[in-house]
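Visitor: TrEMBL lists these features:
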| type | residues | note |
| --- | --- | --- |
| ACT_SITE | 239 | active site, nucleophile |
| ACT_SITE | 262 | active site, charge relay system |
| ACT_SITE | 317 | active site, charge relay system |
| REGION | 1-25 | region 'Disordered' |
């Protein structure tokens with residue numbers, strides 16, 4: 001049976017209107033997760049892998065914000081003083097854990113799990129989409145959530161070659177005097193290349209190469225060797241990550257389709273739209289998209305009848321991140337994290353539409369086609385394309 005969502009707390013309580021907990025995944029598999037860092041330079045890779053795992057009693061749950069440095073990065077991104085905002089985030093969100101099994105025992109799969117490479121939005125990092133990533137993993141997918149090193153993450157780091165050494169890569173605003181498009185376009189190309197490198201990493205593991213994880217987790221990547229189906233690979237992302245996913249389709253023929261959550265289309269050069277060869281599912285929120293951005297999406301759907309655009313009513317840009325489950329009044333005000341739609345319902349629509357689309361384009365033999373209606377924008381709280389007669393939320 002569905003786990004009962006955490007009870008709403010009264011407004012006067014700490015954190016505002018909702019208890020702070022991420023939803024447990026609903027699919028048939030238990031979910032494990034581990035962090036993978038490869039290489040000792042910024043040209044390496046850093047990702048959090050969500051995967052189907054074997055049940056384990058008393059499994060450790062990972063922290064949602066893995067290190068205090070990320071609180072400082074979020075403060076920078078939100079243009080608030082680190083001095084008060086970082087400790088506030090740490091107190092309100094620092095003890096929050098993701099309801100998955102940390103380094104849980106991998107569940108082998110002879111037919112191989114499909115692989116999704118996930119790209120985060122501007123100012124985010126690898127853990128901020130744990131709800132949607134663990135939901136997809138619970139239905140039998142391996143999901144690799146990247147932490148990008150193009151200065152778009154609120155903070156990230158790599159481990160240098162000397163023992164214990166770390167170098168942090170801070171969030172960077174558009175430099176004064178530089179055109180935003182130029183700055184963001186360079187970033188989106190780096191991000192898409194990181195998505196392609198992540199795929200190469202899984203190809204190496206599958207071919208039996210030894211891939212040392214710099215983080216020395218209790219998780220040996222070689223267990224994935226015969227359990228990832230590299231003919232069934234897609235790319236997905238939110239906001240800046242949504243447009244990253246679209247560009248990754250241009251750069252890498254192995255990606256068979258993309259799922260773009262509230263894609264920020266601005267950074268992609270116009271010359272590339274005709275080059276997008278594969279279908280994209282655009283899942284938009286009601287409050288974020290502009291007519292210009294939707295026009296760009298429609299350029300893709302006019303060229304490919306399998307490309308779909310749907311909008312989730314009552315949702316805001318942050319509704320597709322974990323923040324929507326974790327914010328009371330104070331944090332909501334800082335991050336604008338909640339619309340009028342129940343966050344659990346929003347997650348259901350997003351993950352079911354994604355699964356239906358992935359089944360269609362990765363040829364999965366599951367029953368995800370039961371949610372095909374969502375791809376046409378048919379259902380409660382969804383509409384096809386984009387409603388520019390904006391309702392007032």
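From the backbone N, Cα and C atoms, a Cβ is placed for every residue, glycine too.
Unlike curated entries, TrEMBL annotations are predicted automatically.
From a predicted model like this one, the values you see are computed outputs, not experimental measurements.
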Visitor: Using a 10 Å cut-off, grab the number of neighbouring Cβ atoms around the Cβ of residue 262 (active site, charge relay system), all chains included.
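Guide: Excluding its own Cβ, residue 262 (active site, charge relay system) sees 29 Cβ atoms within 10 Å.
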Visitor: Counting across all protein chains shown, how many other Cβ atoms sit within 10 Å of the Cβ of residue 239 (active site, nucleophile)?
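Guide: By my count, 25.
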